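Q: Here it is: the structure, laid out below.
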């Protein structure tokens, strides 16, 4: 960034904003880059502002019991705020004084007042000087107030972020990510531009008092008729506003429903295509859109009448003010024109400025109170540590996640002790206490010495992660003691990657040690992966590490934990995404050797890990089931395997027992409560703890079903922040509505507006921040994975010796603290955060306007209708002026002289009542035409919006994955949220306002041209100057606005990234580092926003200066050319003032239209996306001689012998796959064939391309080569027909918001009996029956009430219903509880017994049921053989399989002389050694 010219600018340059000229010139000539933007003044830096406000807030907290944030803000900003307010008031006063001088100028032309004629020229000079003074006062004042508003926003942004990093996990569990984003976006945006309006709460009443005094002097009591009308009008507008709010609140729920479904569709677009659900999703979203648009139209009509009322009120205010006076004393032209000028100012003060100011104060105080409540929430308490401690001790520790349960626990325990029970057994106490709430950890004891490895095991929900959280201080123990040194390193269960390079992710702000870094890289098996990237470890990873495989992310997270020098290393299931060989190598080299002298706590379920551990702790339902060594475990707890894995062999249970297990599993994985809430219920969640969900928590204590909920790290659908134009797995907008929260939707929507957290099962059932932190980012990454993704190759060579690691291990054990580095590479920050600028022009092209107008045929006729009405209005205005100009002057006392062909100054009441009749008739006509001329326009523009939305939706659903892979999910969602909201709400009325203002200006110019041709000559160059200035400014302003919009993304991205990794941040003590990063992101945004505000003020000031020059010319031309006794000067000066103020408004409105039309350009860009390919080859003869097109009919999911596919035979020839056109090949020359009904397992290391191959089968990638199913080539049929041949269980489970029935059968092809039959078959019946409404129960939020296992069963049921002959399974057992895993295995054997199954899996047990194995290595097929051959050869499979698995496969190999074919059967009862959760 460049140094700002503002620093060296002179006072004059600052006053006229001339220092912005270089950036305006550059923006006009070329495209602006981030490097062209000026640095912010030091006074605006986030560091300075946040420190200033934080100091005052701390002072407020320390000095008062009831601290007020507004007091802290007042001490920081009040005096500057009032200073600019006084300037603003003085500028407004000049508006009130101008009509006085105008009246004196008109009066000087009264034939009876000749002595004033000589001072007319001086009055003209005075009038012009007032305009100059107003310009010099108003613009610096408005800019100064905007500047203060910006500083307040920055300071509060920073304060909220710092507080977020300090919040306790219990508080985070109650706050949704939507609420946090809402706090930052909706509430704080009110300060940016609203602060300039705040002063009108006192300026407007003073202005009205001054104006009424001046009008009283002119018209006496009749002045109050006009004021009365304005007050009635303001009340009418307030009523319309309330009505509009009612419609908008109703519509918010509908918009939310549509956006929830749309975001689910976008993030799961690969699954939608795989299931062939494009038409179903399109129809579903269009139906929701239809109901939404009905309310949109109602709200638009109300807003239209509100806007029209303002435009046409001016006519009647003047009429009602002058009428009573004129009837009594006659018409005085001087007074009419002066009154018109006064009423223009009065109308603005009463109907616009004051109501807006009141609304601004109401919104701002509400926002400040919300932030104040947030800033007083409970903070995370760091435990008291003793740095000299070498051991880790936990004594009698009990803990609850639910806030308040700890206090209840203490009271209950105290009561229990008071009873003095004779047996002294605590079991009675705990069983009674379960009614209040089950502790997540109960009476835990262990002690480990320095350098020991403690393995923690247990089934899902046993409390393993909670134990680590308690050691880190995230979970506060209700009783008991924890003792350790406090120097902790942590590796999360779900890998967390921050935006930045691989190196920055591993070093994580700690000072760099080359030897240490290289040793860690080697131990974590990252050397080979890093070598694949051109930039090596300096490659920039996007948010969530989207370009990496799950295994690569897991190893980077582990490397980060190991790189930090700590006394205690907490490793929470770090090997979940690794193949068995990599896991084994890392466990040996890293955990056992590299960290040999460090204390380690490893959460695991692997038998080999337990054997190597010094101590083992097995948790069961929060209690310590066993603590000791492995040999003690085998002797004392022979049943430990079932506790370790969660259940016994599922197949051995009766149907009733299975159902009870499923029911219990459902309860454990659900969140509390069972009362359904209507789909449209969308309530704003308050931040106060006494809110709705707070009450439900209190009630839940008495509900035994709710109280058994434990804190369990359950894999739910991943969540992320995408409306922020950043990509990851899942945009957070699914939980968050993007409905505008105020009329200024254009300002709010780009900042990710939030109105509610979406429809939910219950208030508690939403995605809290805590859920966000405990969710995996690893699911379904193949849809996004770029060609740069590393592909690890399977190395069969022995590993190098680890002597270097031995050396480093000793270095790591030394008590040397490393320095913390806070340096941040700003270039990397920009690269991480800023997208490439959109490929649409800086200024909207004429082609876009033309295309927009022609979307709907009737729009052209509506525009012609508006023009006809306008011509009628101009004609009516000329009639009124003709009446005023040609009514003869009659004096009551003397009628001997009259002046023909002249403009009379006085008209008596007795002779000219007919003037008023005509005037009233014309006024009524204007009102009727004015009110209703815009309605057809608004109606038609909303219809255009509907058409564009439907076209865009169709284009996205039909676009190829190669195109969608290049787009970010947040970017797509923004088109459907922000841009469609602009097309619905802002664009129709902005276009109406612009057309209205333009026609008013043209009409006024036409009237002036008739009266005074000289003025018309002066008007032409002014209009040309306006157009040229607009074109010059627009080029730069639109680019700056775009840069500012893009600069907003990193702020919210960084917030969500920080929340996802909050436990890691705290464990590493990196809060200051991330605060610095956040301030950098804020400063980047501030630089763009400040420059935009400055250039906007430059433009507004130049427009004002042109107007002043024009008015000076008009004033002197009028004064010097008007003859004696003529009142024409009044009409000319009044119209000139009206022309220029309206023209300024029109120019600004045209800029708004151009800015909003960029949304239309973006929508058109999406509409023009390519569609998925159609068949390219002609139909080929089938094997039996018939034409393939006769065999290939639309698969109606009915099994008949003559319908393709019948057998499921599959032949693959020379298959090559790429993610994007022209990209690197992910798979090359893959060839193999599968017999009907055969089961094939895909083998390969993490990132080798197994999931990619499954995507290629479905034609979701750019592919070359050929695949045939039962002899039919994929080139000879449609994509829909081809994909319907497959049943799919994807890695990323897709549950959209809708009923169970809709989720299983979106096309509504099957009866309830058939759906229930399939549900029973896959074990879903008992799950569905638990919910009210059963099949009609509405699932929301990605099916958050279901466990990951139940979601997998839903996918399985879909595949059974599809009756497909080929089944593709992509790691179906990932994150499954053992119960669901057993169900899936059983269903595959029963329901798909005669189907071809292609399985990509990490569990060996599942792979053993495959007859053939396809080994993928270095993008190619390395082996394709049966189990027997792979076991005999040196292969990946041979290395992964254990001796016990071989015995299971070939039980008779040693006893039988004759080798028979192996029988693939279900696993029998598992022994202790076989229960391991081994992964390939």
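The backbone N, Cα and C atoms fix where each Cβ goes, glycine too.
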Q: Taking the topological domains recorded in Swiss-Prot, do residue 264 and residue 962 share a side of the membrane?
A: yes
Q: Out of 386, 900, which residue gets the N-linked glycosylation site annotation in Swiss-Prot?
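A: Checking Swiss-Prot against 386, 900, the N-linked glycosylation site entry points to 900.
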Q: What range among 123-146, 147-170, 171-194, 267-290 does Swiss-Prot record as transmembrane segment?
A: 123-146
Q: With the ranges 804-824, 825-845, 951-971, 1014-1034 to choose from, which does Swiss-Prot describe as transmembrane segment?
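A: Based on what Swiss-Prot states, transmembrane segment spans 1014-1034.
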Q: From the list 894, 1454, pick out the residue that Swiss-Prot labels N-linked glycosylation site.
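A: Of the listed residues, Swiss-Prot records N-linked glycosylation site for 894.
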Q: Would you mind listing the long-range same-chain contacts of the topological domain 'Extracellular' (217-222), meaning Cβ under 8 Å and 6+ residues beyond its ends?
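A: Same-chain contacts beyond the flanks: 103, 321-325, 335, 338-339, 342.
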Q: Which value does the mean pLDDT take for the domain 'ABC transporter 1' (423-646) in this predicted structure?
A: 82
Q: In the topological domain 'Extracellular' (217-222), how many residues does DSSP call helix, how many strand, and how many coil?
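A: Tallying H, G and I as helix, E and B as strand, the rest coil: 6 helix, 0 strand, 0 coil.
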Q: On the three-state reduction of DSSP, what should I expect for residue 464 (ATP 1 binding site)?
A: helix
Q: In the topological domain 'Extracellular' (320-339), how many residues does DSSP call helix, how many strand, and how many coil?
A: 17 helix, 2 strand, 1 coil
Q: Long-range same-chain neighbours of residue 462 (ATP 1 binding site), Cβ under 8 Å, sequence gap at least 6?
A: 619, 620, 621, 622
Q: Count the other Cβ atoms sitting within 10 Å of the Cβ of residue 493 (ATP 1 binding site), across every protein chain shown.
A: 21
